[in-house]
4 protein chains.
Amino acid sequence: MPLHVVTAGESHGPGLTTIVEGLPAGLELSQEAIDRDLARRQLGHGRGGRMKIEKDAAAVTSGVRHGRTLGGPIALQVANRDYKNWEERMNPWPVEADVPEVHLPRPGHADLAGVQKYGFTDVRNVLERASARETAARVAGGALAKEFLRALGVTVISHVTQIGSVRAPETAGSLTLADFDGVDESPVRCLDAEATKAMVNEINVLRKKNESIGGIFELYAFGLVPGLGSHVSWTERMDGLIAGALLSIQAAKGVGLGDGFDLAGRPGSEAHDEIFYSEERGYYRETNRSGGIEGGMTTGEPLVARVAMKPIPTLTKPLRSVDISTKQPSQALRERTDSCVVPAAGVVGEAMLAIVLAGAYRDKFGGDHIDDVKASVAAYQERIGWKPRP
Amino acid sequence: MPLHVVTAGESHGPGLTTIVEGLPAGLELSQEAIDRDLARRQLGHGRGGRMKIEKDAAAVTSGVRHGRTLGGPIALQVANRDYKNWEERMNPWPVEADVPEVHLPRPGHADLAGVQKYGFTDVRNVLERASARETAARVAGGALAKEFLRALGVTVISHVTQIGSVRAPETAGSLTLADFDGVDESPVRCLDAEATKAMVNEINVLRKKNESIGGIFELYAFGLVPGLGSHVSWTERMDGLIAGALLSIQAAKGVGLGDGFDLAGRPGSEAHDEIFYSEERGYYRETNRSGGIEGGMTTGEPLVARVAMKPIPTLTKPLRSVDISTKQPSQALRERTDSCVVPAAGVVGEAMLAIVLAGAYRDKFGGDHIDDVKASVAAYQERIGWKPRP
Amino acid sequence: MPLHVVTAGESHGPGLTTIVEGLPAGLELSQEAIDRDLARRQLGHGRGGRMKIEKDAAAVTSGVRHGRTLGGPIALQVANRDYKNWEERMNPWPVEADVPEVHLPRPGHADLAGVQKYGFTDVRNVLERASARETAARVAGGALAKEFLRALGVTVISHVTQIGSVRAPETAGSLTLADFDGVDESPVRCLDAEATKAMVNEINVLRKKNESIGGIFELYAFGLVPGLGSHVSWTERMDGLIAGALLSIQAAKGVGLGDGFDLAGRPGSEAHDEIFYSEERGYYRETNRSGGIEGGMTTGEPLVARVAMKPIPTLTKPLRSVDISTKQPSQALRERTDSCVVPAAGVVGEAMLAIVLAGAYRDKFGGDHIDDVKASVAAYQERIGWKPRP
Amino acid sequence: MPLHVVTAGESHGPGLTTIVEGLPAGLELSQEAIDRDLARRQLGHGRGGRMKIEKDAAAVTSGVRHGRTLGGPIALQVANRDYKNWEERMNPWPVEADVPEVHLPRPGHADLAGVQKYGFTDVRNVLERASARETAARVAGGALAKEFLRALGVTVISHVTQIGSVRAPETAGSLTLADFDGVDESPVRCLDAEATKAMVNEINVLRKKNESIGGIFELYAFGLVPGLGSHVSWTERMDGLIAGALLSIQAAKGVGLGDGFDLAGRPGSEAHDEIFYSEERGYYRETNRSGGIEGGMTTGEPLVARVAMKPIPTLTKPLRSVDISTKQPSQALRERTDSCVVPAAGVVGEAMLAIVLAGAYRDKFGGDHIDDVKASVAAYQERIGWKPRP
């Protein structure tokens with residue numbers, strides 16, 4: 001069956017649940033690998049208080065036995081440790097207490113459209129699910145997808161290339177896996193030491209002005225075979241599938257593959273990746289402007305995607321809004337106080353990309369045990385004479 | 001049932017087929033509306049010879065009776081008028097003639113990954129389906145989605161904002177429907193007369209250098225109710241769905257919603273759209289930086305999306321490649337000679353956006369006859385006190 | 001979004017998880033309604049010891065607040081109270097202890113095909129998920145679908161018509177909702193007192209012979225509007241959707257709609273339901289041979305479906321099998337000791353039917369708040385002049 | 001991508017269209033194989049006049065080149081030769097002529113529910129699509145699925161076991177492929193010569209009484225590997241998927257797997273298939289009561305399913321109905337005059353079963369070229385030591 005990841009859970013409810021369907025049996029998993037990504041999602045300069053009170057961990061309650069997948073749905077539970085303080089406000093069942101409603105929709109959030117769509121009088125009924133807290137459930141599911149990819153020689157990783165007005169030096173799709181060593185040690189998950197300093201400074205300066213800060217992160221996937229996705233149907237093209245998954249991340253507003261928007265301004269002779277062949281390497285490219293996607297398929301070069309994140313819309317300097325019960329102008333609710341989430345968003349991006357790529361491997365190679373999948377991948381690599389890029 | 005658009009057909013085969021499932025019954029359609037969009041897809045300065053020999057028309061062969069939909073699948077057939085010259089090379093069934101294979105994969109196309117994935121020795125088996133010719137079938141299907149949207153007061157339209165290095169003046173999400181009058185009269189489908197001239201010149205100059213030219217087009221949808229899509233599940237978010245559909249367009253490499261990548265560099269106070277209310281207008285915004293999407297839902301403001309197109313990879317000055325039978329370096333095949341397709345791509349973008357939006361209306365409002373749908377939309381507009389933007 | 005119910009969990013693992021996506025907001029739910037169906041699933045003459053040690057209850061951990069749905073995914077957790085005795089054998093993570101494998105696949109179960117498909121050496125890796133224990137998670141999800149249907153005036157209910165060789169008197173699609181009063185008080189959930197006695201006796205007699213016993217249950221849905229499902233596409237026909245859901249129940253081997261297999265032997269004049277009309281009733285039928293489905297759509301008459309259950313394959317008198325490690329003949333493992341589950345299976349059937357029907361209402365009527373849905377249903381009933389059957 | 005078959009077209013419109021997505025590249029197809037099944041669908045004692053005027057043929061217009069699949073969507077067009085006589089009544093676009101409406105819904109058909117659901121005043125808007133004519137498009141698509149299965153050593157075939165009150169001798173899941181030789185030469189597609197005579201007589205007798213006649217057909221699939229489908233999710237179980245596809249056939253009212261409803265009445269010791277092993281055969285069964293499905297998966301034994309067909313509801317002796325414009329009682333329209341379609345329905349059943357099984361092979365084995373698929377199947381058969389049944 002195709003890979004399918006569904007999440008449930010509100011920000012201050014009892015907890016988050018993820019179900020991952022479609023991984024093969026026999027895949028080795030570890031609690032550490034899951035929790036490591038959950039921890040990485042909580043890092044980054046610019047995060048607010050909640051990240052300190054909660055260390056997320058995911059309890060696996062089905063689909064795994066003695067460290068190996070069983071081939072069926074895997075359920076993961078990430079408790080909201082703070083729920084004890086919210087039991088009245090967020091109880092699934094009626095409570096005695098009189099719980100006040102939230103009436104101020106925050107610009108830039110799901111709040112206003114959400115109460116309109118769902119017919120609510122209480123903005124909390126929207127914001128609890130719309131919160132980026134939900135991305136912890138995605139990251140938990142994505143960690144499983146990553147383990148599956150890892151078993152096939154594929155690594156998905158991200159780095160931050162822009163925070164506010166500060167841009168890291170351009171790398172033009174040329175990074176190798178080794179370049180990412182230590183990326184998590186930068187407080188903004190940036191590969192460039194100078195840029196890191198400037199980014200931290202940017203955050204500090206803007207935070208003092210009660211501003212939030214956006215930015216851009218870039219994703220790489222190394223080790224992908226050529227021919228994932230397909231040109232034959234628009235619903236099967238990897239570029240569309242990847243863009244769809246990445247722009248579903250809260251606060252993401254743009255996505256580019258390879259050189260993305262820059263390609264629009266270049267002449268054709270500088271916009272593509274010429275094809276070469278050598279005995280040792282098979283077919284290869286000397287550039288990677290396409291970001292490893294041509295005709296809706298992976299090319300066998302590293303996959304590169306960029307995601308633009310708007311500054312999070314919850315500001316310590318609130319924006320103007322309207323009270324939905326009185327219709328009077330007012331200032332938007334302040335719900336939490338992260339000022340910059342771009343480094344963490346990169347980890348969410350890894351999860352979403354891994355989910356799409358794992359799904360593409362499942363579609364292309366089938367197999368019910370991980371060894372079946374590995375054998376199919378190996379046979380295909382052999383058939384096309386492809387070797388993983390170093 | 002959800003809206004579902006599937007296309008079939010090769011560039012030089014007998015023809016293209018589209019099936020559209022999920023439109024309600026009773027919707028008025030016209031041959032003219034479908035063929036008008038097919039003609040718009042063939043326009044634009046920078047197109048090659050084929051656009052002149054073929055005037056596309058779509059024959060409806062099912063699902064419509066006496067000009068109204070029957071509620072079932074609608075099949076559209078777009079013949080390839082040139083097939084008579086290709087009957088041997090592209091016949092579905094074996095032919096006597098010895099048909100030579102194509103062995104030179106073109107960089108930037110599906111060619112190389114396609115032959116690897118599908119195990120072909122003949123690049124033609126890939127390029128015929130990967131060709132942007134397929135977008136005629138999408139446009140035919142999209143024309144039906146547009147008619148459905150039109151019945152609900154929604155218009156989807158595009159304009160070109162960049163060709164090569166030439167950019168039209170920034171409009172920042174502020175256009176109204178009236179601003180699009182005459183857009184198709186510009187040879188590059190640009191709203192600005194000065195920019196049009198410069199763009200035409202850019203194409204002429206680069207074409208003489210045997211270059212192809214990319215660019216950016218921008219899509220607007222006017223009249224959308226708030227609350228299409230949802231924050232509740234990542235697979236339901238309109239931003240992801242829209243990005244997925246748009247980046248499935250051949251040669252699209254980037255997508256942004258509203259101010260897109262520009263938002264990454266702005267402080268939070270300049271990145272969102274404050275909320276206002278007045279008796280006459282209901283809730284409204286004075287800016288539209290979000291492009292009419294917040295929290296994965298439409299806001300009731302015009303939807304704005306931008307798509308970056310790379311220069312098409314088939315150059316009159318061919319790129320280096322490798323013969324897949326001899327493994328010797330060579331120069332890529334020249335299959336066709338459009339030099340710039342950005343104006344046409346905008347029409348394809350309209351089709352894809354219309355398909356996604358029509359699907360969102362079907363999901364949210366249900367209904368089996370168009371009058372059921374209209375009644376549900378009207379009741380919802382009444383419930384939330386929303387009036388279409390002028 | 002369409003209604004989507006996914007379950008996870010093994011029989012002796014930490015617990016079961018269900019996620020239900022696609023219910024509208026504002027729907028009133030209660031813990032009691034969910035747990036009532038979980039309890040009904042555990043009843044019935046012929047159940048074994050486990051039903052006594054475990055009283056299932058479902059904890060809602062998301063998607064519901066203060067007793068009303070939020071419009072997003074609803075997660076339900078049903079703990080396996082017995083897990084404490086299985087922590088070594090079923091731990092998700094590696095354990096110190098040496099856990100013996102199961103090597104005897106049971107005929108009639110997923111065991112043999114499962115170990116082949118998934119490449120296991122331990123049958124337990126299959127049987128834990130294949131167990132009908134999983135139906136508790138379906139029933140929990142189905143209880144939500146039932147509450148949604150109840151809000152629209154629809155009731156789904158089952159009764160047992162055959163246990164082993166004992167058949168209840170034929171009722172030919174003529175039952176009314178009132179006829180089901182007290183059905184749960186029969187130890188075999190049969191509406192006929194005489195048949196109940198004979199069925200209990202059948203179970204007692206066969207159980208003493210170490211046999212298991214199958215049977216047939218019949219499902220009714222009352223209050224369905226005409227026109228759910230559609231004739232326009234095979235994937236939209238209600239008969240196919242219902243049959244698909246019901247034959248996905250563990251041990252189900254046959255399904256019939258209305259008079260089902262009996263219709264095959266009748267002349268056309270006795271196989272259909274003639275159409276009548278009266279001012280008070282609108283269109284109506286005096287027979288219901290079709291089981292309320294014509295042309296893949298509901299007719300407005302009660303929906304009637306029958307499901308044949310084989311005797312459960314775990315016998316106290318075990319069947320011959322083969323040890324998968326030694327390939328030697330042996331006798332199949334005895335894992336549990338229910339002898340007859342037909343009365344409980346009817347409750348599972350209710351859940352599956354409710355899930356399909358709730359999905360059909362979602363598709364046809366859309367709506368994001370339950371009041372939107374109710375208004376659309378009311379408008380449709382008005383349009384077609386249909387009144388619920390008494 | 002998963003196998004996906006969509007059909008479009010009305011009974012007297014321009015024609016039928018099928019699109020089949022998801023077949024691998026390189027699969028050899030032939031016009032003959034497709035048309036042969038189309039012809040088989042038109043045979044059978046008891047068919048009316050239309051079968052004589054129309055010899056169906058399917059034109060492949062995409063996805064196939066020189067007799068081999070290209071990996072993309074395959075479009076098939078089956079013209080309605082009779083359309084020239086219906087051009088006014090069924091024209092997609094408005095006509096000058098005054099086309100009279102049909103106001104008499106036929107009991108047992110989609111007619112009444114269809115006009116209610118879709119808000120029509122003309123029953124023709126429903127009956128044209130609801131007609132079993134649509135099954136020609138399924139059979140065309142199914143023929144491709146069969147060719148795919150044939151390449152993997154799988155054959156799907158049907159025979160008729162009951163016509164009206166006449167039953168063929170019971171064969172209890174024991175038939176081999178060789179037993180089906182010549183089945184199409186029986187005018188009722190029955191394997192037993194005596195029963196054939198009695199069935200033909202039954203049709204003749206009832207036809208003279210202006211009755212239509214139903215019956216039962218049985219499907220076999222030979223050569224299926226164990227482990228198609230899965231126990232892990234209800235949506236993945238083969239029993240549910242098969243039942244869903246078969247009960248989506250027009251006029252089908254019941255489905256059983258293996259011994260189906262008969263299993264309900266048997267003791268457990270006579271309801272399952274004990275497991276044996278021998279060096280030469282691997283695991284095998286001496287009975288096939290399960291119909292080759294256990295735990296939602298294929299067992300490696302022949303798959304057996306039975307489908308009950310009601311008598312077609314269009315009688316030469318019409319049933320009572322109501323004029324939907326006047327609400328006056330009247331007699332139902334007589335649209336066509338087949339009296340028995342069970343033999344043809346078996347061919348439709350083959351198509352639907354082949355579509356489900358081909359999809360299961362695609363899911364389990366992946367692969368983009370047919371040789372990839374074959375290699376994966378062979379590796380799996382090797383891994384589990386399974387040999388096709390003779």
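Cβ coordinates are placed from backbone N, Cα and C, and glycine is handled just like the others.
Note: C:Arg41 (NADP(+) binding site) has non-local neighbours C:Asp56, C:Thr135, C:Ala136, C:Val139, C:Ala344, C:Val347, C:Val348, i.e. same-chain residues 6+ apart with C-beta under 8 A of its own C-beta. The NADP(+) binding site annotation in TrEMBL covers C:Arg41, C:Arg47.
Secondary structure at C:Ala251 (FMN binding site), taken from DSSP and collapsed to helix, strand or coil, is coil. A 10 Å cutoff on Cβ-Cβ distances gives C:Ala251 (FMN binding site) a total of 24 other Cβ atoms nearby, all chains included. Residues or ranges marked as FMN binding site by TrEMBL: C:Arg129, C:Ala130, C:Ser131, C:Gln250, C:Ala251, C:Gly295, C:Lys310, C:Pro311, C:Ile312, C:Pro313, C:Thr314, C:Arg336.
DSSP classifies C:Arg129 (FMN binding site) as helix under the three-state reduction.
In three-state terms derived from DSSP, C:Ile312 (FMN binding site) belongs to neither a helical nor a strand segment and is classed as coil. C:Lys310 (FMN binding site) sits 15 Å from C:Arg47 (NADP(+) binding site), taking the C-alpha atoms as the reference points.
Spacing of C:Arg129 (FMN binding site) relative to C:Arg47 (NADP(+) binding site) is 20 Å (Cα to Cα, whole number). Taking the binding-site residues C:Ser131, C:Thr314 in turn, the residue surrounded by the fewest other Cβ atoms inside 10 Å of its Cβ turns out to be C:Ser131. Each residue contributes its Cα atom, and for C:Ile312 (FMN binding site) and C:Arg47 (NADP(+) binding site) those atoms are 11 Å apart. Contacting chain D by the Cβ rule (under 8 Å between Cβ atoms), the binding-site residues C:Arg47, C:Ser131, C:Lys310 reduce to C:Lys310. Listed binding-site residues: C:Arg41, C:Arg129, C:Ala251, C:Ile312. Those with a CB under 8 Å from a CB in chain A, in sequence order: C:Arg129.
Considering only the binding-site residues C:Arg47, C:Arg129, C:Lys310, the Cβ with the fewest other Cβ atoms within 10 Å is that of C:Arg47. Straight-line distance linking the Cα atoms of C:Ala251 (FMN binding site) and C:Arg47 (NADP(+) binding site), rounded to a whole number, equals 15 Å. C:Arg41 (NADP(+) binding site) carries a helical DSSP state (H, G or I).
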